[in-house]
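Trainee: This structure is in structure tokens; I'll ask about it shortly.
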């Protein structure tokens, strides 16, 4: 994969009229290929690998919230970055997930070519699958470079998406508790 990506970046540099052998660009295809491999490593990870058996038996049955998980992803339409934060809440049903695993779940799905709507859904379904929670709520807030750097060039715009599963969808009180908690 690395050599194919490297060649692709050399082609892009040439196509825009630059010299890939110019001093400042000489190692750029190699560096860009390495960066792209990292930014898309979510395709080569599984939920089982990243959660690594960090699901623990627990009597906890009240809402658990992990807030402000930073994320970096690539829009599938323009291959430009979007950055933001994710808030995840769930109601345990006999099992809790190790805290760092929430960030790993976010990263696994964010490190793919994505749209924010799908990313939010994938995170929620993964938390539900791993924990067996009676409810999951996920909110993602992000700024999209495809809207800020090109097109309409709106630098202050942001997008917010949410997915509510189980109790978070069925019970307005649960959903409102989640929304109030993330407001601080």
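Using the three backbone atoms N, Cα and C, a Cβ is placed for every residue, glycine included.
Just lifted these from Swiss-Prot, have a look:
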type	residues	note
BINDING	75, 78, 146	Zn(2+) binding site
Trainee: Hey, for the Zn(2+) site built from 75, 78, 146, who else sits with CB inside 8 A of the CB center?
Mentor: 74, 76, 77, 79, 80, 82, 144, 145, 147, 150
Trainee: Through the lens of DSSP with three states only, how would you label residue 75 (Zn(2+) binding site)?
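Mentor: Strand, per DSSP.
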Trainee: Would you mind checking how many other C-beta atoms are within 10 angstroms of the C-beta on residue 146 (Zn(2+) binding site)?
Mentor: 17
